[in-house]
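One structure below.
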Amino acid sequence: MTEKSEGGRWTFGNRTRFVVLFLGICSIICNHGAYTTISFTVICMKDVIEEHVARNQTHWLQNSADVSFVFSAGAIGAIIGLVPSVPLTTRFGIRNVLTFYSFSSSIATLLVPLAVSIGYYPVVVARLIQGFGASILFSSIGSISEGWSPIAEISTYIAFLSAGFQLSNIITMPLSGVLCESELGWRSIYYIFGGVACAVTAGFYAFFRDTAQSHRNVSTKELQKIAAGKSETSGRREVPYIAVCKNKVVLAIWSSALGGNMSLMTLMIYGPTYLNKVLGLDVKDTGFANAIPYILATAVKFTAGPLSDKLTNVPDTWKMIFFAAVAQLGMACGFFVMALTRTKLIAQIAYTAAIVLAGVNMIGVVKCAQMVSRQYIHFVMAVNSLISWVAIFILPIIIGYLCPNHTPEEWSVFYIAGGIWVIVMNIPFPFLATTEAADFTKPGFGEKRVGDVENN
């Protein structure tokens, strides 16, 4: 129920930040869903292959190397998109940059069916643009949270925004499975997701502002709550790249991301392939089976985020370490079980548990990044995103080498290596995690350094 106050402005009952949160979730759902459609539709483009076979031609979908590069093209586009995203966000703000990137991805999604009908290279170009547009989604979680979430609600805000990725899979996978086997066919998936993503992006741009201070619907009461405990900053400032990159806590965060993100990307991208080719599920069952862990992960995030904020008697540092440990060790254990079992049900349970537990990492490692880097969170998160996209780029190469035939034995080797990788890369985080804002976030940091140089 909205309230009218303070000069006739709608203030949404002093809860405008939750309207922004809802729009942010919707934006991530639609744009991430548009990007991931290719992960499922490649297994149901049989009509295209049959047309080429009838003409005694080989389609690129029949060449595993070509299919792998189409997947990698999205990551290449994302890496290209991430490079300018930090300076662009610093200069133009997350509202303008996220809108531009999202529209690019949405339009490319709408054009994928046309690209498939033309040939291989147009598909690669469409995937490059899709990746470019999707590259900023993860970084936007930090920027939106920094501008709109009170410190006391930061776990809830981060958890809910990040749940957009799981929600997109919950919607995309089953819907894709149904549409693939319906009269509408796989092309309708791109038209639906691309069209909805365009509409949601337009709505996001119309309502969203980079900070609560610049939004006309934020009441004085709500603004005071959002600003409580945050240091004042004067406009957008250049990121102190060297200081951020030398910070030990930030380096531990990036190390954790390097271990966890690569492993999680395997489950997210190759989940349908693992369920279909290794566990033997059919296309429709694969769609629903792949959605189950994301449904549970979303429920866990919606519970764990508010729970973390309400446990005020437990130090935030302890909570961050606990949730990070649950996420990363849970994923590693899931990998080990999948590697060692030959029972379909146990493997599917381990697969589900790994994805579900990985979700709480957002209120562990990512919350730490938010608390330490504050107004420069977009850079720290951009590096996290870069790690994820590099993983997406090299995973097809690694899996193509280790799992060329997608046999259980081949995937066992990969999962054992993945579990060890997760554990090793997360060792520094428990010893360095903190909620204290880094020195480079504090007022006068840049000016102090300049003054020291001039005095010398």
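Just so you know, glycine gets a Cβ as well, placed from its N, Cα and C.
TrEMBL lists 18-38, 67-86, 98-118, 124-144, 156-176, 188-208, 249-271, 291-308, 320-339, 345-364, 376-401, 413-433 with the feature transmembrane segment. Marked as domain 'Major facilitator superfamily (MFS) profile' by TrEMBL: 19-436.
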Tell me, please, if the transmembrane segment (156-176) and the transmembrane segment (18-38) are in contact, taking contact as 3+ Cβ pairs under 8 Å between residues separated by 6 or more positions? yes
Would you say the transmembrane segment (124-144) and the transmembrane segment (18-38) are touching, if the rule is that at least three C-beta pairs must lie under 8 angstroms and be 6 or more residues apart? yes
Where does the mean pLDDT land for the domain 'Major facilitator superfamily (MFS) profile' (19-436)? 86
With pairs fewer than 6 apart in sequence excluded, do the transmembrane segment (249-271) and the transmembrane segment (345-364) have three or more C-beta pairs that lie under 8 Å? yes
Beyond a gap of at least 6 residues from its ends, the CB atoms lying under 8 Å from the transmembrane segment (291-308) belong to 155-160, 162-163, 166-167, 169-170, 173-174, 267, 319, 323, 351-360, 362-363, 367
Below 8 Å between Cβ atoms, which of the listed ranges 124-144, 249-271, 320-339 makes the most pairs with the transmembrane segment (376-401)? 249-271
Which residues of the same chain, at least 6 past either end of the transmembrane segment (124-144), have a Cβ under 8 Å from a Cβ in it? 20-21, 24, 27-28, 31-32, 34-35, 38, 69-71, 73-82, 85-86, 89, 94, 97-98, 101-109, 111-112, 115, 157-158, 161-162, 165, 210, 362, 366, 369-370, 373, 377-378, 380-382, 384-385, 388-389
With a Cβ cut-off under 8 Å, give me the same-chain residues at least six positions beyond the ends of the transmembrane segment (320-339) that come close to it. 256, 259-260, 263-264, 304, 308, 346-347, 350-351, 353-361, 363-365, 367-368, 411-416, 418-420, 422-423, 426, 429-430, 433, 435
